[in-house]
Amino acid sequence: MSNSVFSVISRFVEEYRSSTPNKLKVIDAYLLYILLTGVFQFLYCVLVGTFPFNSFLSGFISCVGSFILAVCLRIQINPQNKRDFLTVSPERAFADFLFAHTVLHLVVVNFVG
Amino acid sequence: MFLVVLCVVFIQCQVNIYSAFYSFIPVSNDTRDLLLATVSEDSTASQIHQSVSALSALGLPLASQEVVSALKALHVLIIILALLTASRLSQQAELGDILEEIEDLAARLDDLGGVYLQFEEGLEATALFVSAAYSLSDHVDMEPPLKEDQVIQLVNSIFSKKSWDSLSEAFSVASAAASLSNNHFHVPVIVSAQGPAAVSHSHPFLRLQVTDVLCQPLSSASVLAESASAVSSKSAVLSQALFTLRDGVFELNFMASQPASGYYQFSVAIAGDSRFVANHVELKVKVSTRVAINNMDLSVVDKDQSIGPKTTRVEYPTKAKASFMADGHQNFAMTFQLVDETTGVELTPHQTFVRLHNQKTGQEVVFVAEPDSKNLYKFELDTAERKTEFDSISGTYALYLMVGDATLENPILWNVADVVLKFLDEEAPGTIQAKTLYVPKPEIPHLFREPEKKPPTAVSNTFTALVLSPFLLLLILWFKLGANISNFTLSPSTILFHIGHAATLGLMYVYWTHLNMFQTLKYLAIIGSLTFLAGNRMLAQKAVKRYTHQ
């Protein structure tokens with residue numbers, strides 16, 4: 001059983017390494033970074049306490065929001081999905097990404113206190 | 001008054017003539033005030049008309065609502081005057097239409113809370129209406145269409161004031177009073193008790209004055225007490241008892257039916273004339289009595305009941321010769337009975353208090369004596385139980401008995417005996433502080449909200465470093481992936497876009513530290529629009545480059 005899981009994982013990793021374009025890998029690295037940041041914040045809250053709760057929320061929501069926006073960007077940029085996004089060019093996706101981030105950060109900074 | 005009329009007429013004629021020739025007429029302030037003052041409820045209809053026409057022709061402002069109410073008041077008064085005039089005409093004349101006006105006017109009366117009935121024009125109009133209606137009805141010998149409760153309510157409103165604003169108002173009230181006492185159809189009857197409505201053994205007669213509205217005694221009336229029942233027990237004491245007339249006052253010997261002391265509800269009917277209105281009244285009568293104290297026994301009872309009580313009997317109003325001692329082992333007890341002096345019936349008055357007064361310190365403590373099921377009053381004083389009321393101060397206390405009630409003619413304050421109280425532990429202060437209620441109270445200091453406990457700085461710093469560490473990881477990964485900025489074109493829009501983007505991030509930091517949302521939005525609008533334009537340009541160029549490469 002574990003053998004097949006291991007083989008599936010190794011195959012998936014191999015497939016990922018070879019067939020994903022570099023641009024997407026860059027975004028994937030960014031996603032990993034955001035994920036880790038969110039996890040560490042959550043860990044702090046679990047271990048030490050939620051004293052400035054609004055700050056914790058703001059930070060966590062920033063991580064979650066950024067992750068979602070980056071995922072959207074990745075989906076829209078991926079050339080394999082071109083048929084689904086005929087009206088959205090990669091540049092347009094990137095511009096949307098930036099605009100959404102501005103709004104997100106406005107809210108996050110407002111809430112962090 | 002006549003001069004005012006002349007002035008107003010003159011002004012109006014002038015205005016009409018001038019307005020035909022000129023378009024602008026100068027008006028002095030005095031003229032305008034004179035015209036406005038004429039529009040009041042005292043003016044005649046023609047005066048009101050002339051001043052209103054003058055004001056509107058001159059283009060001056062009018063108080064239209066005031067004019068309307070002045071006109072409405074005129075309307076009621078005109079009809080009342082018509083009624084009064086008709087009552088002096090010959091009886092052969094056709095007065096039917098004018099008679100109907102009484103009913104129409106009666107419909108315009110305002111009912112206030114079911115107690116008062118009057119015109120909104122005021123007391124004078126109501127009173128004049130009453131006298132006019134009755135004089136016309138008498139003249140044509142037809143009953144006026146006013147029901148009994150309407151007549152009662154009219155009487156309430158007309159005679160509610162004790163002083164009047166003007167001579168004409170006083171005249172109208174007097175005229176109404178005369179017509180209400182002296183017409184062929186309705187005569188309201190006023191019943192009042194002479195003095196307080198109370199009887200007792202010394203004053204056994206209940207005296208009633210039965211008069212008309214002008215306070216003339218109605219000697220032809222026969223006054224009957226239909227029923228009298230006790231308020232507390234609702235048992236009937238009297239039924240169909242006739243009052244006898246003596247010296248213009250109707251009286252009834254109520255004590256002859258031997259009522260117990262208390263309050264009684266009387267229902268009285270006045271008959272004798274078919275014109276009488278409001279001839280059923282309800283009256284509350286008090287029967288008072290004198291109280292006597294019987295069998296006042298004072299005793300000192302031992303707590304463990306080993307020694308039998310020593311009882312001393314005291315007669316009112318003397319004081320017991322020996323003083324009584326009560327300390328921790330003994331209780332002081334008092335029993336007595338309260339009875340009606342004449343009938344010997346046991347009474348339970350509202351107030352039966354036992355007051356202990358320390359003559360040296362001026363302290364006084366009051367207790368209530370309660371009756372048991374057999375109406376025997378008992379009072380017991382246990383020094384150990386009651387030491388807080390006395391502040392544990394031993395000494396000689398004078399004992400008073402206080403008996404009082406609304407139906408008692410002789411309230412009692414009786415110094416029965418002296419009691420020496422000994423308290424076990426002298427906790428009392430040296431001097432007695434009077435219980436002051438009105439001194440400043442101790443100050444309550446404000447407790448500010450405690451700041452929450454924060455974790456130690458070391459922990460916070462560690463976690464800050466931990467949270468920032470993935471950024472390093474990101475940079476390493478990007479380096480490994482070969483992410484670069486080799487496609488960076490140095491066109492103005494690119495540079496502007498990157499500067500704008502950096503400025504936005506800087507603005508976010510400044511927002512966190514210094515600014516509020518409104519300022520931030522203002523700056524963001526400026527920076528954002530620049531960045532957007534530059535970014536748009538840059539991305540368009542990139543898109544073009546991508547298409548040409550494909």
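If you go along the chain as it appears here, the first residue is 1 and each next one adds 1.
Here the Cβ of each residue, glycine as well, is placed from N, Cα and C on the backbone.
Bear in mind that TrEMBL entries carry predicted annotations, made automatically and left uncurated.
TrEMBL lists transmembrane segment for one of the ranges B:394-414, B:520-540, namely B:520-540. In the domain 'Ribophorin II third' (B:295-421), the DSSP tally of helix, strand and coil residues is 4 helix, 70 strand, 53 coil. The average pLDDT computed for the domain 'Ribophorin II C-terminal' (B:448-546) is 87. Remark: secondary structure over the domain 'Ribophorin II C-terminal' (B:448-546) totals 77 helix, 0 strand, 22 coil, with classes taken from DSSP.
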